[in-house]
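Asker: Per Swiss-Prot, active site, nucleophile is recorded for D20, and the stated evidence type is similarity to another entry. Residues annotated as active site, proton donor in Swiss-Prot: D22. The annotation L-serine binding site is assigned in Swiss-Prot to D20, V21, D22, S109, G110, G111, K158 on the grounds of similarity to another entry. Feature annotation from Swiss-Prot assigns Mg(2+) binding site to D20, D22, D179. According to Swiss-Prot, the O-phospho-L-serine binding site annotation covers M52, S109, G110, G111, K158, T182, on the basis of similarity to another entry. Annotation source Swiss-Prot lists phosphate binding site at G53, T182, citing similarity to another entry. Per Swiss-Prot, N-acetylmethionine is recorded for M1, and the stated evidence type is similarity to another entry.
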Amino acid sequence: MVSHSELRKLFCSADAVCFDVDSTVIREEGIDELAKFCGVEAAVSEMTRRAMGGALPFKDALTQRLALIQPSRDQVQRLLAEHPPHLTPGIRELVSRLQERNVQVFLISGGFRSIVEHVAAKLNIPTTNVFANRLKFYFNGEYAGFDEMQPTAESGGKGKVIRFLKEKFHFKKIIMIGDGATDMEACPPADAFIGFGGNVIRQQVKDNAKWYITDFVELLGELEE
């Protein structure tokens, strides 16, 4: 059993930190915002809640929600232009501080790459450090499904990404930070998990995470000590 002080040391000596995006790096759930924009918010929000609570296999939840939303390429582009995602307070400073320490920062999301890349640009995170789901569109821009080959399209996908990062870059210590069950499941192979409840509290995560925070200032403080 890793103690809290050992977890803090792990975080401060990590060579890579992976963040979930929806309700962690940004305040919103991207798929819920897309559903709201497309007029099917209520049904999709309930599915998101069940998926994040671990009650529904992730790929099933994603397939069902997207079948309801049917987002076109134009709708995704207009969502980003008219309702860009809001960064969680403190995340810009935390990512910047980690990068100053030569820590590699990755975004691993069950959300959509087009939205996550927009967030990555705000945080000076290269697109090569983004792992997320890809929406597919027909030539006329209508919804054509999603890329089911992406590891993030299924339960356990975030762990697969972290395993891939360890094999590719030989990272010794990878930390996963996020609000949901799929984030907590990524440890192991992540060396430590930090639960985040600054935007929404998932009781299962709060009850089981050995380190649970509600403000990124706490992690910034650890790096400054």
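Don't overthink the numbers, they just go from 1 along the chain as shown.
From the backbone N, Cα and C atoms, a Cβ is placed for every residue, glycine too.
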Asker: Determine which residues of the same chain, besides D20, V21, D22, S109, G110, G111, K158, have their CB within 8 A of the center of the CB atoms at the recorded L-serine site, and list them by sequence.
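Answerer: Filtered neighbour residues, in order: T24, G30, L107, I108, V116, A132, T152, G178, G180, T182, D183.
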Asker: Of G110, G111, the binding-site residues given in the record, which has the fewest other CB atoms within 10 A of its CB?
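Answerer: Comparing Cβ neighbour counts within 10 Å for the binding-site residues G110, G111 gives G111.
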Asker: What is the separation, in Å, between the Cα atoms of D20 (active site, nucleophile) and G110 (L-serine binding site)?
Answerer: 8
Asker: From the Cα of D22 (active site, proton donor) across to the Cα of G110 (L-serine binding site), what is the distance in angstrom?
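Answerer: With distance taken Cα to Cα, D22 (active site, proton donor) is 8 Å from G110 (L-serine binding site).
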Asker: Go through the recorded positions V21, D22, G111, K158 and tell me which ones have a CA within 10 A of the CA of D179 (Mg(2+) binding site).
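Answerer: Correct set: V21, D22.
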Asker: Near D22 (active site, proton donor), meaning Cα within 10 Å, which of S109, K158, T182 (binding-site residues)?
Answerer: S109
Asker: May I ask for the distance between V21 (L-serine binding site) and T182 (O-phospho-L-serine binding site), taken between their Cα atoms and rounded to an integer number of Å?
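Answerer: Approximately 12 Å lies between the Cα of V21 (L-serine binding site) and that of T182 (O-phospho-L-serine binding site).
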Asker: Please determine which of the binding-site residues listed here (S109, T182) has the lowest count of neighbouring CB atoms within 10 Å.
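Answerer: Each of the binding-site residues S109, T182 was scored by Cβ atoms within 10 Å; lowest is T182.
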Asker: Can you tell which of the recorded positions (D20, D22, D179) has the fewest other C-beta atoms within 10 angstroms of its C-beta?
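Answerer: Ranked by other Cβ atoms within 10 Å, the recorded positions D20, D22, D179 bottom out at D20.
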Asker: Quick check for the class: what is the C-alpha distance, in angstrom and rounded, between K158 (L-serine binding site) and T182 (O-phospho-L-serine binding site)?
Answerer: 7
Asker: Give me the Cα-Cα distance between T182 (O-phospho-L-serine binding site) and G111 (L-serine binding site), rounded to a whole Å.
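Answerer: Distance (Cα to Cα, whole Å): 12 Å.
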Asker: For D179 (Mg(2+) binding site), name the DSSP secondary structure in the helix/strand/coil scheme.
Answerer: coil
